[in-house]
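*Asks:* Would you mind keeping the following structure in view while I ask a few things?
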């Protein structure tokens, strides 16, 4: 189990460069151990808690403190000329800058914690070291993308290259989550540069374009949240490379909500639909599986 968690964590490098000699194969699934809080109904209360919580977490994590302070120093220059959605705070922009700075390993550590930190609320409270960063980053994506997913327009077609793992679905038509903050690009060539073990082609309804905030804007990055649900529509192999096509259900699914404020892990994954109803999902699934 520990080895599998490590392998999955390596896959969280996403657009960030990682070359491995041996490429393990892991199945795609719903990532049930992911910490997938969406803070529905408690964002304002979490805003009050997050600022002192961030200070506490930075005091215990030197890299988090250094990364946050470095991004904070450049945020005012970055935000000039940006049109920010209502409610978008400096902390949300700084969180994106911290995540996209691949010159250190903080994004990797965050995604490792996200992928393995959702076993229980107790596990999250005791051992998840990025509670404030997770909140600020999730809220940033929610505010940038807006509510309703694809109800406001078509999803983004993006690409994600992974160099450390070959992901394979169990079968076509499965529902899967990426189970982490997943970096992707509007540019297929960029995705190829960051990994050839697996190439994902995705249509995302909840991923947010973060190019304007990114430390590396030329990557044309779209950041996909851990809780978005996708349908596996195609899978093939090109030599040693897995080619996976995922289509968003326009739906998210979370076991946690407001965990820091007392919300326990729910036994089932609670769905939050966008524009499509259940019947529409079934129709879409049948349509997409046809050749």
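Placed from the backbone N, Cα and C atoms, the Cβ positions cover glycine too.
So Swiss-Prot lists these for the protein:
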type: ACT_SITE; residues: 160; note: active site
type: ACT_SITE; residues: 183; note: active site
type: ACT_SITE; residues: 221; note: active site
type: DOMAIN; residues: 62-252; note: domain 'TR mART core'
type: CARBOHYD; residues: 101; note: N-linked glycosylation site
type: CARBOHYD; residues: 196; note: N-linked glycosylation site
type: CARBOHYD; residues: 250; note: N-linked glycosylation site
type: SIGNAL; residues: 1-22; note: signal peptide
*Asks:* Counting distance between Cα atoms, which of the recorded positions 101, 160, 196, 250 is nearest residue 221 (active site)?
*Replies:* 160
*Asks:* Hey, of 160, 183, 196, 250, which of those recorded positions are within 10 Å of residue 101 (N-linked glycosylation site), Cα to Cα?
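*Replies:* Among 160, 183, 196, 250, not one has a Cα sitting within 10 Å of that of residue 101 (N-linked glycosylation site).
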*Asks:* Which recorded positions are spatial neighbours of residue 183 (active site) here, meaning Cα within 10 Å, out of 160, 196, 250?
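*Replies:* Those near residue 183 (active site) - Cα within 10 Å - are 160, in sequence order.
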*Asks:* For 101, 183, listed as recorded positions, tell me which one has the smallest number of other Cβ atoms within 10 Å.
*Replies:* 101
*Asks:* Taking the Cβ of residue 250 (N-linked glycosylation site) as the centre, count every other Cβ atom within 10 Å, in any protein chain shown.
*Replies:* 23
*Asks:* Looking only at the domain 'TR mART core' (62-252), what is the model's average confidence as pLDDT?
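*Replies:* Within the domain 'TR mART core' (62-252), the model's average pLDDT equals 95.
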*Asks:* Near residue 196 (N-linked glycosylation site), which residues of its chain come within a Cβ-Cβ distance under 8 Å, counting only those 6 or more away in sequence?
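*Replies:* 161, 163, 240, 241 - these are the non-local Cβ neighbours of residue 196 (N-linked glycosylation site), listed in sequence order.
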*Asks:* Using all protein chains in view, find how many other C-beta atoms are within 10 Å of the C-beta of residue 160 (active site).
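*Replies:* Looking across every protein chain shown, the total is 28.
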